[in-house]
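Residues or ranges marked as domain 'RWD' in TrEMBL: 7-114.
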Amino acid sequence: MAEPVQEELSALAAIFCGPHEWEVLSRSETDGTVFRIHTKAEGFTDADIPLELVFHLPVNYPSCLPGISVNSEQLTRAQCVTVKEKLLEQAESLLSEPMVHELVLWIQQNLRHILNQPETGSGNAECTFSTSTTVDDGLWITLLHLDHMRAKTKYVKTVEKWASDLRLTGRLMFMGKMILILLQGDRNNLKEYLILQKTSKVDVDSSGKKCKEKMMSVLFETKVQTEHKRFLAFEVKEYSALDELQKEFEAAGLKKLFSEFVLALVK
């Protein structure tokens, strides 16, 4: 990890030193650092709105944008996505410099204005979301494998909602005990989906208590190629045999992906 990033993390830990304000979720030499900040920002009625901000700093940060996830019990998921997009837009102006503390300060000062924008209906260019938050990554595709779903109905609804909120398309696929999630969309939104999947209490454990997903693996991730089908929606499908599942992948132009990664799960 670069020295400026280490210094930034130390500074953030010192700044957000109150109870539960700061938590490092993971550190990796290959995947970077993921941490959570709990803060508050002024909302509609001058009352403070609690915000949970999860930042993923890739290994080449701050030369690239951080991954950002926004959650709040007092905001809708759509509002959280809007706040995330505005934070990414702001982050673009701060590239090459450690930026997390500045982003937190910015959202504390601007949350009220962001939440007011849909109601004002202003045509001001400042109220238009920048399409450049994708950092020119284009459309990406990722394949996830889940070990199990104990609370299947709730889990499926949660996955569908995340996909809808993040404008992701693809498939949630069940075949026997195999569970696969094929997602297609903006790379930053795929990153946020992974953060949600890893940090949210989406299932229950053997005793029935809510728990986080600890047994998810990313099998494959790549930029969508010309031979890949563009999914128009996110669908939940069940397959009775392996050849049915294979046909789904082949129809999507993902025959190689199926043979390299999916078949390995059934051997």
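Numbers run from 1 along the shown chain.
Using N, Cα and C of the backbone, Cβ positions are placed for all residues, glycine too.
Broken down by DSSP into helix, strand and coil, the domain 'RWD' (7-114) contains 40 helix, 33 strand, 35 coil. Taken together, the residues of the domain 'RWD' (7-114) have an average pLDDT of 89.
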